[in-house]
């Protein structure tokens, strides 16, 4: 038996294979008939039964109709983003200190860089980065005059932790927020005896020695 294929037989095999390929390529596509990742509809199990693979299961018509009616009430919902959130990247954070009256503070609006136009959830992140960089470069704390440090004695306690702290003063605090597509920096003073909290808020003096105003917050109240 001759194990070698002749040249004319090779041409016939190639022509036959090309005809078979052209037949399937020219045939109209009725739908997805194979179990592939693209043919599976994301969702719960009742919805998955309604895939094109259902025709390969026994009793295709009855099972397919029943699965579609069951899947329609299976609780699968589409997520709809409100127009307000889709346009500006989410709910705007109100400034927590705006509602308080009788307190001094300075509000600085830092506009967004026109070269950066983030959308969605990344918008607030980009705005916060811009505001943080500009705030760090703009607000530089003045060097403080060094005070003599007393000798430490074990058990003597700290003067800053006692309610009768004779050295009252203020500390400067900042709060970053974005409103209407703008980064706003709000700065104010709090007594040094007040606690440091994550939320932006005003505190009153607890030791009785902190001044009402200091050289840092005098400009917060405007001209006298």
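Note that Cβ sites are derived from N, Cα and C of the backbone, with glycine treated the same way.
When 189, 205 are compared with the Zn(2+) 1 site residues 170, 214, 217 in Swiss-Prot, the one appearing in that site is 189. Range with Swiss-Prot annotation region 'Disordered', chosen from 11-53, 54-96, is 54-96.
Residue 193 (Zn(2+) 2 binding site) and residue 214 (Zn(2+) 1 binding site) have their C-alpha atoms 14 Å apart, to the nearest angstrom. Between the listed binding-site residues, namely 189, 207, the fewest other CB atoms within 10 angstroms of a CB are found at 207. Between the CA atoms of residue 214 (Zn(2+) 1 binding site) and residue 205 (Zn(2+) 2 binding site) there is a gap of 13 Å, rounded to the nearest whole number.
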